[in-house]
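Novice: Please find one structure pasted underneath; my questions will follow.
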Amino acid sequence: MDLLMEGFANALTPENLMYAVIGVLLGTAVGVLPGIGPAMTVALLLPITYNVDPAGALIMFAGIYYGGMYGGSTTSILLNTPGESSSVVTALEGNKMAKGGRAAQALATAAIGSFVAGTIGSVLLVVLMPNIADLVVKLGAPSYFAIMLFALFTVTAVLGSSKVRGFISLFLGLTIALVGSQTGQARLTFGRPELADGIDVVVVAVAIFAIGEALWVAAHLRRRPLEIIPVGQPWMSRADWGRSWKPWLRGTAYGFPFGALPAGGAEVPTFLSYITERRLTKHPEEFGKGAIEGVAGPEAANNASAAGTLVPLLAIGLPTTATAAVMLLAIQSYGIQPGPQLMDTEPELVWALLASLFIANVLLLVLNLPMAPIWAKLLRIPRPYLYAGILFFAALGAYSVNFQPFDLGILLVLGLLGFAMRRFGLPVLPLIIGVILGPRLEEQLTTALAISQGDISTLWSEPVAVLVYVLMAVIAVVMAVAGWRRRGHDTDEIDRVLDRAAATDADDI
Amino acid sequence: MNTSATAPPRRVDTAQYGLAAFVGLVGVVVLVDGLGLDPGFADQPVQPYAFSYAIGGALVVLGGLLAVATWRGDVAEPEEGEDVDLSGGLDWATLLQLVAVIVIVIALIGWLGWAIMGAFLFAASARILGSRRLLLDIGVGIAMSLLSWYGFYVGLGIPIPAGILDGVL
């Protein structure tokens, strides 16, 4: 508690508060823009923090993170075309509400629900982090190796209907991670000195997310603009409050655990929340026509799971969503390696970050409710300027890493890969997680085998590692059985939503 | 699925064979590159080629699996999005022009610097994407590239190379 208070004291200096405000405003503004989800928001805004001190930069990022998430839900409510997979479910009822003249209430329940869920999620994070860090610090290299394999496996296999595509994406990512001479020998550098240090992950993220997306949209640009529903000041009546608060809490209960597990994001909890609310509602006739419960629950689940993803990210350094992956890059770019030691080596930083999550949440509510009509105007930005701007900032971000034209070349090549991935329905998340975790997988394996002097049985010598492998086997069997049983049946609703979520997965960035 | 007898004629996504070939090719390149690595130090428990072999091998297998799936009628689900209209075909002209713009930027940025090439990148991309107000596009592009250059230089203390404008900015 004292530590948290100290964290608040650090985060509430005028300078850091300013960073938080800038972060929330920028995050929301960029997140509202169609085609840009939270992960791309964070990736594009990464250069801004290069010369800010680590605490200030992390605080700014907490704001960008929450702002980007909230911006994404605004887009899905007002445009009915969710920008990120986690907002697919929100759009189901949210857009119907907006069409029925209740856009203000939909935005309000989304914002307040996000606030409630984010705050509860942050409390859970504060309570859990020190305990989990104590547990994690006891793990050896074999367990780390197993957990990373598990994360790669679940992120690849659980989402999306085509497992082959998921694994192709994963192994392409691992290939990109091979480039360089980290192991003492130059792999896949083709004699280019620029490649000796490997490909900068920031360049990979910006290329796959921003360039790939901009090129993809440019080649399919909707010539007729989407209908945007005008919105007034968000507000809710007593009845709306009465119908919203339980879904908020239930959504939070779904979202946080799913986010904390290395099983990939907010799609499953938002969907579970939606079907729960539809079952429990006293107004079943409104579902499908714009029921406020159908917005309140999934939005809370979405935000709670975002808080949950910070548990593996901070405790193990394990990103499980695209946004978390980019957050990890941001943290690493300040020379900080998230993991169990972080609590010991940089306690002020961790607590300042945790405190800033609360602050970002409050700011989000205070700034975004009154400003919703302004954000809605951003949806009208001329598309040529929007996508030219994405190309501009992506090039700036990649160029500012080392000022090498060569990096821009890599940006273009990987951007074209990102384009092809969208054309062929390859999910983007496994690739980016593969790029980040590939080298660390190799590192943990090397450490484990060095300690055991090459005895491979060390890999299953720790109980946690064994447990993780068993879990992986169980998931694989369950998926195989489910796939076999589904053959010959029409796909059910869950599959359709998960497929749609996977199809929009790239914008998560 | 008792309608399999009357199933619609199999649609083959031919372009997907290209993706399968690409994946297989990347796998082969990784394998060949791995073969060319010297054995590392004797006490190195994981040799540098170990991951190359595993990843390259997996890619070759996956490329094969995708080719088989394609042959059996597997069709990709292209990504949806707010501004994406999948009903029309792929607009190759726009795509190629944008790629050309980026190639020009890569070729000239060392000489002309970010301030000029950033403005060019923005204005040219906006034009290709359908903006018809040339002067406004150029003006916005120049404003953005100058703002970002000075923002990085003054605000963040990062001097982006100015290229030909060195000393002018």
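Placed from the backbone N, Cα and C atoms, the Cβ positions cover glycine too.
Pulled these features from TrEMBL for this protein:
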- B:20-161: domain 'DUF1468' (DOMAIN)
- B:17-37: transmembrane segment (TRANSMEM)
- B:49-72: transmembrane segment (TRANSMEM)
- B:92-122: transmembrane segment (TRANSMEM)
- B:134-152: transmembrane segment (TRANSMEM)
Novice: In the same chain, who gets a Cβ under 8 Å from the transmembrane segment (B:92-122) while lying at least 6 residues past its ends?
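Specialist: 128-129, 137-138, 140-142, 144-146, 148-149, 160-166, 169.
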Novice: What are the DSSP helix, strand and coil residue counts for the domain 'DUF1468' (B:20-161)?
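Specialist: DSSP classes over the domain 'DUF1468' (B:20-161) add up to 99 helix, 1 strand, 42 coil.
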Novice: So which residues does the transmembrane segment (B:134-152) touch in its own chain, when a touch means Cβ under 8 Å and the partner is 6 or more beyond its ends?
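Specialist: Same-chain contacts beyond the flanks: 114-123, 126-127, 158-160, 162, 169.
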